[in-house]
Amino acid sequence: MYFWRTPTHFRLPMKYRLLFFFLWGFLPFYLTPVLRAQTPDTTLRTPERPRIGLVLSGGGAKGMAHIGVLKVLEEVGIRPDFITGTSMGSIIGGLYAIGYRADSLERLILDQNWSEVLSDRMPLQNVIFEEKPFFENQLAEFDIGNWQFKVPSGLNQGQQISKLLSRLTLPAMEESDFRKFPIPFVCNGSDMISGKSVVLEEGDLAKAMRTSMAIPTVFTPIRSEEQVLVDGGLVHNFAVREIVDMGADIVIGVYTGRQKAAPEHMDGLSDVLLQSFFLMGIEDAEKQMDLIDIYIEPDLRNYSASQFYEADSIMYMGELAARRALPQLRQLADSLRQYAIPSEVPALESPDPLVIHRVDVQGNERLTGYEITGRFDIRMAKPITVDDIDAGIDRLFGTNAFEKVTYRVQREGDRNFLTLDVQEKSQAILKAAINYDSYHEAGFLLGLIRRNLWLPASRLVVVTKLADNYRLNANYLKYVSRNQRASLAAEFRVNRDELPFYQKGITVQEFKLTESVFDVGWQYRFGHNVLFSTGVQRERLVFQPRSGIDPGFRKLVFTNHLVYGGLDINSLDRNIFPRRGVQMQARGKLVNNSRFRLTEPNVNIPFNPDTLFSFDPYFKLSLQLNSFIPVHSKASIVFRTFAGYIWNPKDNFVDFFLVGAPERLGQRHIPFLGLEANEQVAAAAFGGSLGWQQFVSRALMFRLETNFGFFQSPDNLQIPRDRNIPLWGFGATIGYQSFLGPITLTFSLPLKTDGTVQPGVKSFLSIGHRF
């Protein structure tokens, strides 16, 4: 949609203004002889070219249509002298003002993953290893700083869009006055305190853009001492007055915002809320129309403000609308050719690479600047790239200690300094989730994260699952290097499991196993995804019979002391239903000083601990690896392998692995399709699996998988059984990402049915998060 507007106020209609400028351009040629005769000493003034203003409205994803309009303006040779923008129009307009052209903006828009850009999410592989288990892995999160519960706003801080805008606006690092850009530019926000529109014309361009598009209910507002600024479209979605005030003689307006809705279209809560939010902006835009000379409105009725994935089509609709206005645009372009072509100010160049001489930190309250710059970890006084800066921002945000981290680069003389603007998370956060699975049954998960407790650069994590088979884990970590890669850690964990023993697929004995571990160690992180650890442990295992054959005691207690080394890798793209990456855990342990205590022995049952148990030192090695190899955006090949072996000279019961169920249920556990949870107890285990994972939608996936394994069982607690067992199994899993967390249902079948395992289809249901 386009039209020429004839203003009703003091401004001349555009056709008369064009005639005026035309006559003014040629009149001196006719009057020159007369003027020279009458005033021979007077210097002639060159007529000025009328200045063109371009106004770009907001509209969310629909604002991408502005790029299609810019493409047509470039085609006919119209270069605006001023630009104003609101919300999405501020981003397109601001980037165009500093030198981006329509084709580069088009490529930029199409290259983005908008679901990530418009969120606070980041790929799990960018989160530091220590924080991965807790990243986006909870049902609810509460700020309990100062021991007061605060429910989070649920709004996006705009971390990823802010990082992208800082990168794109880096060419403007030396100019803080937007009116001095190659094309003078201003944008606007809405002040929630005064209810008025606020012109943003200086400072950090990236922050101004982020302010102008701070959509209520989506993004958090931008706060200052006296103002709370949100999306400029709420009050003033069409900044036409500002373009006239800047000096525009002819105004081209492109409107992609909301219109007043018909009553029949106001039947949903979202419709009512959006219309109420933007009603003032809609009415204000209508009042601005009389100041516009060429009005272009793309037909975007079939698109919503959130359909960023339709970028290509939306930009094309903008181009179509501009082409319908080609006669008027060409007439305007032709009328401008009579004037001298104004010298074009060159586009601002991106300083990539650049040298940073100083890093400042602002916004921090509890973390010191020393800690923050240590985590940022970029080279000083040496050339670095924008990618290096982005990686440093990701390192900071990936610590999970910040709500938001942004930056700005400025120049002082011949030196560049970078300012980090951080917004810290609360020093105490409570995470909560519910969880059910066929093994642990229903439970409630609580996680407490407390930073800088007792010591600086430290973190305490306490996680518990309240259920019949309970879990408790408390971990205290103290970083000991400036870049916070090396750390000392102390951990206590306790968990209870069911330990069944089978004969010919039938449960003949079941124990309750309570395991507690105290661990003190040192660890070093390589990048984000690799962790080496070493330390000492004391573990205590308590066996209590629950049913079946009487083992000859009421309680058996093992106590072990050991040293260990471990290597962990986690490059998965997310915790829930990963599509790519590798997860590996490798452990080596030297166990010594084993001892046991027996209570209430049954004198009628012979029990010789020297025969059943070993108290000699032994080695234990274990490896589990899961790999997701993407075939395309919705499918991955799943490859897994596992290995475990216990070097025990007496070859009797001393340590073990628990095998069965499709998910890992504990530290000793090895998942295996076709077996119930803990159906096999093994002293040696080798095997792997191969599968195909397919996503039907963003939230729904299914997986087909087959696995094989070779297991060697110990002589455990007087239960005779097969020592060497080769097994095959097959399973099908369907998974759905719900508001409660992931839901998975797996059906599996053992392919070996000679009586060593339970025959028939096994099912395993899991609901909710795990951390």
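Glycine too: its Cβ is placed from the backbone N, Cα and C atoms.
Annotated features in TrEMBL:
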DOMAIN    54-244  domain 'PNPLA'
MOTIF     58-63  motif 'GXGXXG'
MOTIF     85-89  motif 'GXSXG'
ACT_SITE  SER87  active site, nucleophile
ACT_SITE  ASP231  active site, proton acceptor
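Look at the motif 'GXGXXG' (58-63): DSSP puts its residues at 4 helix, 0 strand, 2 coil. In this structure, the CA atom of SER87 (active site, nucleophile) is 6 Å away from the CA atom of ASP231 (active site, proton acceptor). Note: the motif 'GXSXG' (85-89) comprises 2 helix, 2 strand, 1 coil (DSSP; helix = H, G, I, strand = E, B). Around ASP231 (active site, proton acceptor), the same-chain residues at least 6 positions away in sequence with a Cβ under 8 Å from its Cβ are GLY58, SER87, GLY189, SER190, SER212, MET213, ALA214, ILE215, PRO216, PHE219. For SER87 (active site, nucleophile), other Cβ atoms within 10 Å of its Cβ number 33.
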